[in-house]
Amino acid sequence: MNLSFFDQFASPCLLGIPLILLSMLFPALLLPSPGSRWITNRLSTLQSWCIDLITKQLMTPLNKNGHKWALILTSLMILLLSINLLGLLPYTFTPTTQLSMNMALAFPLWLATLLTGLRNQPSASLGHLLPEGTPTPLIPALILIETTSLLIRPLALGVRLTANLTAGHLLIQLISTASTALLTIMPTVSILTTIILLLLTILEVAVAMIQAYVFVLLLSLYLQENI
């Protein structure tokens, strides 16, 4: 059977049933559940510290009205971070390389921020479509451009996350395949390629963390515009 480099992005199946939902739920099982004891273990303390740090970073651009979104934004950040990092392990599947999943996360949350602005301050939200002082002949064209820019935001969120993770996984597989093929022919070149692969893997760990942060941070900025 001929395998392509894109087969790694196909959802694993068991008895013909895609296991993408199980792949998404598995990272949550790795998080320790909080107990009722006063003194917790080191893992729970580290988890609480990380969640507190993430929440502070995400809530910094928002005013008090936006703090109601702290739970959902922090949970989304932890979910994306866990899935992205687990996807770098061998023989694993990364659900965030699927555009359908990323769009399913980006579109409802972007729409929620937009509807929040239209409900709470409709004049200010619609005012973003036409900057103050715009010449009269440019008003129709500018409104069309700003509306298009507003509508492609969820697409940009989903495509950015998908493209960065997909490109990283493909590059890792290409370099690892080349390293394996050169092992018997040119061992020295193979060793150098393996070193490059290790450095690229470290870079991909950073990319996985940064992309999860950027995805949620942009959502928080969209929310700030509407509150």
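Glycine too: its Cβ is placed from the backbone N, Cα and C atoms.
All TrEMBL annotations are machine predictions without curation.
Positions annotated as transmembrane segment by TrEMBL: 12-31 (among others). Residues 47, 78-79, 82-83, 86, 93, 95, 98, 101 of the same chain sit 6 or more residues outside the transmembrane segment (12-31) yet have a Cβ under 8 Å from a Cβ within it.
According to TrEMBL, the transmembrane segment annotation covers 69-89 (among others).
Same-chain neighbours of the transmembrane segment (101-118): 20, 24, 72, 76, 95, 124-126, 150, 153-155, 157-159, 161-162, 215, 219, 222-223, 225-227, counting only residues six or more beyond its ends whose CB sits under 8 Å from a CB of the stretch. Positions annotated as transmembrane segment by TrEMBL: 101-118 (among others).
Per TrEMBL, the feature transmembrane segment maps to 138-158 (among others).
Summarising the annotation, TrEMBL assigns transmembrane segment to 170-189 (among others).
Sequence-distant contacts of the transmembrane segment (195-223) (same chain, six or more residues past either end, CB-CB distance under 8 Å): 57-59, 61-62, 66, 69, 73, 76-77, 80-81, 84-85, 87-88, 105-106, 109-110, 113-114, 116, 153, 157, 160-161, 164-165, 168-169, 171-172, 175-176, 179. Here TrEMBL flags 195-223 (among others) as transmembrane segment.
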